[in-house]
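Just below is one structure, and these are the notes that go with it.
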Amino acid sequence: MYNGVTVTQFIIEEQRRLPGATGDFTSLLNDIVTACKVISNGVNKGALIGVLGTAESENVQGETQKKMDIIANDVVIKSNEWAGHLAAMASEEEDDIYPIPARYPKGKYLLLFDPLDGSSNIDVNISVGTIFSILRCPDGVTEPTKEDFLQPGTEQVCAGYALYGPSTLLVLTTGNGVNGFTLDRDIGEFILTNPNMTVPADTREFAINTSNQRFWEEPVQRYVDECLAGKEGARGEEFNMRWVASMVAEVHRILTRGGIFMYPKDTKDPSKAGKLRLMYEANPMSMIVEQAGGASSTGRERIMEMKPNDIHQRVPVILGSKNEVERVVSYHKD
Ligand code: P6P
């Protein structure tokens, strides 16, 4: 018989640490985990069940939606709207917030998510993921508005992602470190396989979409040039580069072996502050990386301290190994 610790057991044991915990949070997390298992099954079957390819629609970001984007979004909503733990949800795939239907009880949490991050990769069988963030609904608010979601990342009570790769992984933090679980398909349970994940403070591996190089600001140009100059350059070290175009995969690599991930501000579209979204990509990933001993900045400020102005707000993201992130931040100060 297996003797692994399931994510349910882990969460309940974690919850015992929280005085006055009602089991509400544990049950909410279980519903999110169920959604990730269902999405994993769909992603894994792919062409066999006709979920690849694009839908004939665009999301609020103006991005063409993949069929699996819409399916994953629907799975997260249907798995979480009924149980009475949430007051509302916000999704990359939904223009406005998603209020809990009147037929269901409401709860005290807000769920924000990117149902299928990196979905442009799904048709070429490269890893994709689901990112989620949990906030408390402000006290006394039963009909939350967009404004109730606009809380800084430091207010998150939980952040996590599922990574649909060679294995399906779940990585989670509730503010007490970061723990990783692997889906055992034979029993349909996530088993604790990576307790206490930490990001090495130093790295010689950077991740950035270099095709945007001519649009970067000077501090990022300088940092990447120094990496590319290798031993003969200012850093006196050789660097390696990765770019998967799936933030979940990049962050997981960084949690596993270190690294720095950058999607900086660029002048390609001056109206955009960055590509990645603050509320359901940058903030949850920042909480995870910081809880694992890493750092996460726009280059000019700590991402988790930003006061959001819109649920789909974009921000520059520089996150990962603390000493490298701090170096890039110092270049922004120079
Ligand atoms: P590009 C995926 O669309 C995403 O939001 C992140 O997961 C990923 O890091 C980035 O965009 C990739 O962007 O411009 O390289 O396609």
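Glycine is treated like the rest: Cβ placed from N, Cα and C.
These numbers come from a predicted model, not from an experiment.
Feature annotations, courtesy of TrEMBL:
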BINDING   Glu92, Asp114, Leu116  Mg(2+) 1 binding site
BINDING   Asp114, Asp117, Glu281  Mg(2+) 2 binding site
BINDING   Asp117, Gly118, Ser119, Ser120, Asn209, Lys275  substrate binding site
DOMAIN    6-194  domain 'Fructose-1-6-bisphosphatase class I N-terminal'
DOMAIN    199-332  domain 'Fructose-1-6-bisphosphatase class 1 C-terminal'
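Listed binding-site residues near Asp114 (Mg(2+) 1 binding site): Glu281 (candidates Ser120, Asn209, Lys275, Glu281; Cα-Cα distance within 10 Å). Looking just at the domain 'Fructose-1-6-bisphosphatase class I N-terminal' (6-194), the mean pLDDT is 94. Distance between Cα atoms for Ser119 (substrate binding site) and Glu281 (Mg(2+) 2 binding site): 14 Å, as a whole number. When the Cα of Leu116 (Mg(2+) 1 binding site) is compared against those of the binding-site residues Asn209, Lys275, Glu281, the shortest separation belongs to Glu281. Ranking the binding-site residues Ser120, Asn209, Glu281 by the distance of their Cα atoms from the Cα of Glu92 (Mg(2+) 1 binding site) places Glu281 first.
What surrounds the Mg(2+) 2 site, by Cβ distance within 8 Å of the Cβ centroid and not counting Asp114, Asp117, Glu281, is the set Glu92, Phe113, Gly118, Gly129, Thr130, Ile131, Met247, Val248, Leu276, Arg277, Tyr280 from the same chain. Helix, strand and coil counts under DSSP for the domain 'Fructose-1-6-bisphosphatase class 1 C-terminal' (199-332) come to 60 helix, 24 strand, 50 coil. Checked against ligand 1, the binding-site residues Glu92, Asp114, Asp117, Gly118, Ser119, Asn209 give Asp117, Gly118, Asn209 in sequence order as having a Cβ less than 6 Å away from one of its atoms. When secondary structure is read from DSSP and collapsed to three states, Asp114 (Mg(2+) 1 binding site) falls in the strand class. Each of Asp69, Ala72, Asn73, Ser91, Glu93, Phe113, Pro115, Asp117, Ser119, Thr130, Ile131, Tyr280, Glu281 belongs to the same chain as Glu92, Asp114, Leu116, is absent from that list, and has a C-beta within 8 angstroms of the C-beta centroid marking the Mg(2+) 1 site. Every protein chain considered, the tally of other Cβ atoms within 10 Å of the Cβ of Ser120 (substrate binding site) stands at 17.
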